[in-house]
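Enquirer: Before we start, here is the structure in question, set down as structure tokens.
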Amino acid sequence: MIAVIGSGYVGLTTGACLASLGHPVVCGDVDLDKVERLQRGEVPILEDGLPELLHAGLAAGTLEFVHGAVAAAERAEYVFLCLPTPDGGDGRADLRIVHAVVAEIAPHLRPGAVLVTKSTVPVGTAAEITAAVDRPDVAVVSNPEFLQEGSAVRNFLHPDRIVVGSDDRAAAAAVAALYAPLGAPAVVTSAASAELIKYAFNAFLATKLSFVNAVAALAEAVGADVAEVTHGMGFDERIGPRFLQAGPGWGGSCFPKDTRALATIADDHGVPFPVLAATVTANELAKDHVADKVRRAAGGSLAGAPVALWGLTFKAGTDDLRDSPALAVAQRLAAEGAVLTAYDPAIGADLPATADRPAIRVAADPYRAAEGAAVLVVLTEWPEFRTVDLARVAAVLDGRTVVDARGVVDEDVAAAAGLAVVPLGRRGRFDPDRSPEPAGGAVA
Ligand SMILES: NC(=O)C1=CN([C@@H]2O[C@H](COP(=O)(O)OP(=O)(O)OC[C@H]3O[C@@H](n4cnc5c(N)ncnc54)[C@H](O)[C@@H]3O)[C@@H](O)[C@H]2O)C=CC1
Ligand SMILES: O=C(O)[C@H]1O[C@H](OP(=O)(O)OP(=O)(O)OC[C@H]2O[C@@H](n3ccc(=O)[nH]c3=O)[C@H](O)[C@@H]2O)[C@H](O)[C@@H](O)[C@@H]1O
């Protein structure tokens, strides 16, 4: 029996996928309402393929949900911890939930149980957990997760590799064997290496994106096109074609907190890591860059300007708003006096203001969001934004400009509808700096 503690994006995916491989799985969560919904077959998050796996597991009796960590852990040979490790406020990962759960379940673990950390945790956490459990019969294995939200099930079932790290190599091999049906290479390491792999991996990807976003700004300045530049770069296998899409900065529940956490780990060990600091700073500039474009499109001031936002989630395919760059841009616009109305296919209700986002009225469709707005800004790459009727948008939009931070609006179709697109990473067709001037001049 496998226990999965925490039924969030990672835990629910892990539980449902391990059950689909034939393992009996029990998932424990502290949130009773969530547990009851899952027992009824309701998936609380937007994740492709997850409802099907949940229903199949419930129907086959291989997947069950219980309230609390102990109720799940006491029945299992393997206990996967899929608990939150948020930013503690000073950049360090806050491990209080992990440590509290370990203390709670330790006396109840079966003899010979293997405790597996799937949460992203700082180097040294496996050693701390081993000391806290204080049972020679219980092994601790670090098994970081690399799934992306929105494609979590596909990523879990078709992983590039499985990383299992432990100072008990037999326990690491036993955890790797649980994934054997997937046929993925297993990277067996020390616990410290496994823990560092996860942070180095996320920080490297974030650095790739900060680099691309800086190239995008440069491409605009020099008259190049970032999409052409990354296309040309990506053919080289050392770079690869993926994860090179310029945008309004990177966000989500992990890149921001994990880059900060890695920076504090480096600091704590007295190791200079200036690239990482630059990656984080560059990401703030990427958000500023989009806000600057919106201000210019609004004529130089956003005071009292109605602005329409398409997309609020941190990327398409998820309903997750945690550390969304769309909200960070919205915050910048609201701070300058813009009045925001948004449409996002995954967000159904108005968003109240919080410490890091303004109040945002949420419209039921992209057209209603655009009604009366001075500028329309595309902040998330939802596929439906590619097929919106731009003539209908032009009919209700007050201004004539669409700032497209995700490269989803066709400039020619927009022009035919009487709209000027301000793209990211290249000059727009109606950019006054562009040479030669397009026939007919600017629409705006
Ligand atoms: N979201 C993602 O795409 C990925 C996240 N990770 C890492 O995985 C970990 C979990 O992340 P998410 O699944 O996104 O978090 P989440 O917030 O979606 O889920 C965490 C779950 O743990 C439950 N929980 C909290 N305290 C508990 C307790 N005392 N006992 C039992 N359950 C408890 C919560 O109710 C919630 O259901 C984090 O360390 C994160 O960095 C790693 C890879 C991908
Ligand atoms: O540790 C984690 O939680 C996960 O973090 C990311 O996954 P995720 O947060 O789901 O999101 P990504 O798809 O990586 O996107 C992150 C941000 O980068 C942006 N992005 C991504 C790709 C790209 O080409 N351009 C770009 O701007 C997205 O819009 C988003 O804001 C990693 O990709 C996962 O491998 C990792 O497991």
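From the backbone N, Cα and C atoms, a Cβ is placed for every residue, glycine too.
TrEMBL entries are annotated by machine, without manual review.
Per TrEMBL, the features are:
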BINDING   D29, K34, T85, T120, E149, K257, R322  NAD(+) binding site
BINDING   F146, L147, Q148, E149, K198, F243, L244, Q245, A246, G247, G251, K315  substrate binding site
ACT_SITE  C254  active site, nucleophile
DOMAIN    308-411  domain 'UDP-glucose/GDP-mannose dehydrogenase C-terminal'
Enquirer: Near ligand 2, meaning Cβ under 6 Å from any of its atoms: which of the binding-site residues D29, T85, R322 fit that description?
Expert: none
Enquirer: Using a Cβ cut-off under 8 Å and a sequence separation of 6 or more, which residues in the same chain sit near D29 (NAD(+) binding site)?
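Expert: Sequence-distant Cβ neighbours: I5, G6, S7, G11, V35, L38, F65, H67, G68.
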Enquirer: Listing them in sequence order, which of the binding-site residues F146, Q148, K198, L244, A246 have their Cα within 10 Å of that of K257 (NAD(+) binding site)?
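Expert: The binding-site residues close to K257 (NAD(+) binding site) (Cα within 10 Å) - there are none.
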Enquirer: Kindly report the helix/strand/coil residue split of the domain 'UDP-glucose/GDP-mannose dehydrogenase C-terminal' (308-411) according to DSSP, in that order.
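Expert: Output for the domain 'UDP-glucose/GDP-mannose dehydrogenase C-terminal' (308-411) reads 28 helix, 22 strand, 54 coil.
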Enquirer: Which one is closest to Q148 (substrate binding site) in space, judged by CA to CA distance, out of the recorded positions K34, T85, C254, R322?
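Expert: For Q148 (substrate binding site), the closest Cα among K34, T85, C254, R322 is found at C254.
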Enquirer: Where the distance is taken from Cα to Cα, which of the recorded positions F146, A246, G251, C254 turns out closest to T85 (NAD(+) binding site)?
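Expert: When the Cα distances are compared, C254 comes out closest.
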Enquirer: Pop the Cα-Cα gap between K34 (NAD(+) binding site) and F146 (substrate binding site) into the table, whole Å please.
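Expert: Roughly 24 Å, rounded to the nearest whole number.
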